[in-house]
């Protein structure tokens, strides 16, 4: 009997160990199930920004290092050959997260089943063109693409408009895709937000990650208002107000603002080409924070549909400070607005009202 007991105990232990191993293996396999791919549309994909953006998406910069993606790329017929070249490069790069690539000049094929749409394509202003001419071209582009998204994209599709005039292009898209929730249509002001962070970090000689909560109010144009009144900087002595650390109100109220407002023009002057790398990176930042959430205590700038917050007219796509959680953005409320800020916030809203009127006149 004693011999039987001495044999039984190790067998029980081995059985328990085996069962534990099976349970752990099952849990591990469950945790490591690959996510379903997210389909991301990039319009104007053969252009500069598109060429910089698609590898970032394929590498996980937009949706995270464990999220597989399928990339749909759309461009106009004259760019079809270049677009196919971008597709070849994506295949050649052998990105582990990239589960499929579609390169097309057909807007319906491009929009089919997309979960996220990054609208980079648009008609650029050319020498001698009036503002209304440019607006008219883009209104027709965004009206057609809105209809395709409305009919063929996933019901919960999130849209980011990058092409200028970004705020008003997003508004037109919203008008012609009424089934897409208004909270799912946004425009890019994260590039301006990141530029503002960069200017403060350079001024204070600190890493840009130590600076947070700047705000871009309004239009993605030279009337935008980069606001540092609520920005903070991490120091060895804790968080400090950026304005206090800079200690130069004249610079913050003049040169800082104009540098951020005119940074795009400065890059064109230096490169002889518009911002592409930084625009692509900030588009990834915008979508990543929207989908995955902003860090606690941090807000970012997004062009979103105004609900009347801070006295901004409803019915505009306007850049506000927002936080994001579980795929939803919320405008930060209760921030103190001083007299200078009020003036600049209203001025950029006035420009957006004028743009909206101009866009609707093009529709008529």
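Glycine is treated like the rest: Cβ placed from N, Cα and C.
Here the structure is a predicted model, which means the values were calculated and not measured.
What TrEMBL records for 220 is active site, proton acceptor. Annotation for residue 220 (active site, proton acceptor): spatial neighbours 164, 165, 166, 167, 187, 188, 189, 191, 192, 303, 319, criterion Cβ-Cβ under 8 Å with sequence separation of six or more.
Other C-beta atoms found within 10 angstroms of the C-beta of residue 138 (NAD(+) binding site) number 24, with every protein chain shown included. Residues or ranges marked as NAD(+) binding site by TrEMBL: 44, 45, 46, 47, 48, 49, 50, 75, 138, 162, 163, 164.
The Cβ neighbour count for residue 164 (substrate binding site), using a 10 Å radius and every protein chain shown, is 21. If you look up TrEMBL, you'll see 125, 131, 164, 195 marked as substrate binding site.
Sequence annotations record features per position, and here TrEMBL assigns domain 'Lactate/malate dehydrogenase N-terminal' to 39-185.
The domain 'Lactate/malate dehydrogenase C-terminal' annotation in TrEMBL covers 189-357.
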If you measure between the CA atoms of residue 44 (NAD(+) binding site) and residue 195 (substrate binding site) and round to the nearest Å, you get 23
Within 10 A of the CB of residue 46 (NAD(+) binding site), the number of other CB atoms across every chain shown is 26
Cα of residue 46 (NAD(+) binding site) to Cα of residue 125 (substrate binding site), in Å and rounded, measures 18
By the 10 Å Cβ-neighbour count, the most surrounded of the binding-site residues 125, 195 is 195
Here the Cα-Cα span from residue 163 (NAD(+) binding site) to residue 195 (substrate binding site), rounded to a whole number of angstrom, reaches 18
Students should find that the Cβ of residue 44 (NAD(+) binding site) has, within 10 Å, a number of other Cβ atoms equal to 24
Across the domain 'Lactate/malate dehydrogenase N-terminal' (39-185), DSSP labelling yields 69 helix, 27 strand, 51 coil
